[in-house]
Amino acid sequence: MVKIKKTKGMRKQIRLNEVEEINLLKQWIESQKPDSGFNPLSLRPLPKDSKIGKSEDGKNGTVFSRYAGVRKFAQLPISDKTKRGLKDAKYVDMTDVQSAAIPHALCGRDILGAARTGSGKTLAFVIPILEKLHRERWSPEDGVGCIIISPTRELAAQTFGVLNKVGKFHKFSAGLLIGGREGVDVEKERVHEMNILVCAPGRLLQHMDETPNFECPQLQILILDEADRVLDSAFKGQLDPIISQLPKHRQTLLFSATQTKKVKDLARLSLRDPEYISVHAEAVTATPTSLMQTVMIVPVEKKLDMLWSFIKTHLNSRILVFLSTKKQVKFVHEAFNKLRPGIPLKSLHGKMSQEKRMGVYSQFIERQSVLFCTDVLARGLDFDKAVDWVVQVDCPEDVASYIHRVGRTARFYTQGKSLLFLTPSEEKMIEKLQEAKVPIKLIKANNQKLQEVSRLLAALLVKYPDLQGVAQRAFITYLRSIHKRRDKEIFDVSKLSIENFSASLGLPMTPRIRFTNLKTKKKGVYESSIAMEIENAQEYEAPLVVKKDLLGEDLEEEDFALKPRKEGKVVEKSTKEEEVLIPGNRVLKNKKLKINLHRPFGSRVVLDEEGNSLAPLASVAAEAGTEVALDEERMNDYYKKVGAEMRKADIEDKKVDKERRREKRMKQKIKRKRGAMEDEEEEEEEDHDGSGSSDDETGRNSKRAKKIVSDNEENGGKINTDSLSVADLEEMALKFITQ
């Protein structure tokens, strides 16, 4: 296809058409905007034969079609460029959340939207972004007009891809700012020219702090994707500084599957009369109806057996497995990978580099495999190919976490299945899920198909010693995650069979764990923390000293909370211990005595012939009754005698040292002389080869060389300085000097 070169007149006509289109869209939006608080879903869709947009009526003049409650993107008051992008991306029909949110967003209102996972929330804010900047005729010279904040890098990258698909016919510049990759300097150079920024909170704050003159005074719209997670305390230290640098007069859109309505959170964002859009609030279920959800009661020591058996019986499926900590992910992935279940295994967690995470993510999409992951994949991600199973080996922290996890399957009305493992002490989680309108069914395991993997893991730990440290960290971090959970009705470490759980990981001995109460001096409150001790049968019972070279390079603060973070004043340990979870049930060595740090220094003990201790100077004391008095004459004689011995020894030491240094200098001088002679010989050989030097010079050099060459031919004609005496070395050095 040949491109037609646009003339000046054509470009002018295009600008006029854009201005005319923008004016038409503004009139359309203003004339048919829904009332605040109105639910567009309560209206019926427009008839198929109804006219869209502007029309002329003889009685009322110019009228516009209604766009609230429509079900197709073509019926919205949006630009032709956006419609073309939607059509190329094969987006035709609108979902419920899109139909409810977009009409209010086009009017410039703040929105607080909640909808099920996989319901199309991304398009619900991407379209208003493009239209807002299009109506304002935004250009790269205007700077940043929109910021989209996502809690994870993968979700930000996915949103950036959708934005590029739909907005490819617009001329806006967009940038993706996420951590874990190189190119920060390049970002600093170009971030000022971006109109739309899709970013993670940490990277955006880094540019606000480090990039010169990076400001957003003309920001038009702010988007928080997975808003309940972004507003969580984990991102508070990053989000609050970001919000403080943004203008208050802006449009703000918040979207998530589980939304917050806390006044404090809304006040932080300066929302102005937001529209609360909860599409599925009145629905019978809180999860997609096409999702089949099951739960099994599995003891903690049987979880890996059950997981292994499940994988072996579903080799032709795409399975997403959630675990509590990244240490568990690492151990289960490495151990199962060595056992070769017959299906590709992948792992993904937050500490991996961004390139590696995206590579694993792409590989999981391409083929049927098992992906072990943490909650880093629990939110927002839309896999191009449907996930068949979501398996939650560990109980989620709350109902919201469960909904986000199972939301990775059964997206956009596709079929999906989920399986949740609960220990007997976590059965109350079923009641909480049912209260939240989650239709979950309790099933029993088929013990005939259960394959025990604990013995295989024990053999692996013997064969691969490095894997034992990974297993220990997985054991400890899992118990720590349970201990840190707030809902103590469900999560109780004391109700778990710790020794059996340790054996199920293949560990020969159970790591020792102790829980203590920590009191913060500044706040005056008790904080629960976990102190851990790992000991072998040969070791004495003492607190664990955490060092990276002992437990591996990947030991991180979040895995071992031995000490709380110090904020201002020192955090003191309470003398009272809650409990010792695992008592020492094996013979240990006696405790080593500690050195008394407060002992007096410089003390001296003198013993007599019978072994009794005396005063240091008692040997020179005068024998005069019971009183101890010093004999000055004997003391002076003693000092003179000792002084004479020291002076004599000092003279001998000086002689020995002088002789040693003299020999060292001689050896160095001989080496230097020998090196100089060899250099001269090489130069003479080169002169002889190149210009025919005289025989006299060659003879003199050969005679001189004979003088420094030893007669011992076994050494190859080299001087053996180690076998020569000092006198020989002096004589040889004197000859060299006279020459």
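Glycine is treated like the rest: Cβ placed from N, Cα and C.
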Practice task
Tell me which range among 49-52, 165-168, 225-228 Swiss-Prot lists as motif 'DEAD box'.
Solution key: 225-228
Exercise for the section: Examine the ranges 71-99, 187-215, 245-273, 506-534 and name the one recorded by Swiss-Prot as motif 'Q motif'. Expected result: 71-99
Exercise for the section: Excluding Ala115, Arg116, Thr117, Gly118, Ser119, Gly120, Lys121, Thr122, please set out which residues of the same chain place their CB within 8 Å of the center of the CB atoms of the ATP site, keeping sequence order. Expected result: Thr95, Val97, Ala257, Arg411
Problem - Confidence summary (mean pLDDT) of the motif 'DEAD box' (225-228) - result: 89
Problem - Neighbourhood of Thr122 (ATP binding site) by C-beta distance under 8 A, where only residues 6 or more apart in the same chain count - result: Gln158, Thr159, Val162, Asp225, Gly380, Asp382
Exercise for the section: Identify, in sequence order, the residues in the chain of Thr117 (ATP binding site) that are 6 or more apart from it along the sequence and have a CB within less than 8 Å of its CB; answer 'none' if there are none. Expected result: Ala257, Thr287, Pro288, Ile403, His404, Val406, Gly407, Arg408, Arg411
Fill in the blank from the handout: DSSP says Thr117 (ATP binding site), in three-state terms, is coil
Handout entry: Residue counts (helix, strand, coil, in that order) that DSSP gives for the motif 'DEAD box' (225-228)
Key = 2 helix, 1 strand, 1 coil
Fill in the blank from the handout: Excluding its own, the Cβ atoms lying within 10 Å of the Cβ of Lys121 (ATP binding site) add up to 25
Practice task
Give the residue counts of the compositional bias 'Basic residues' (661-674) per reduced DSSP state, in the order helix, strand, coil.
Solution key: 14 helix, 0 strand, 0 coil
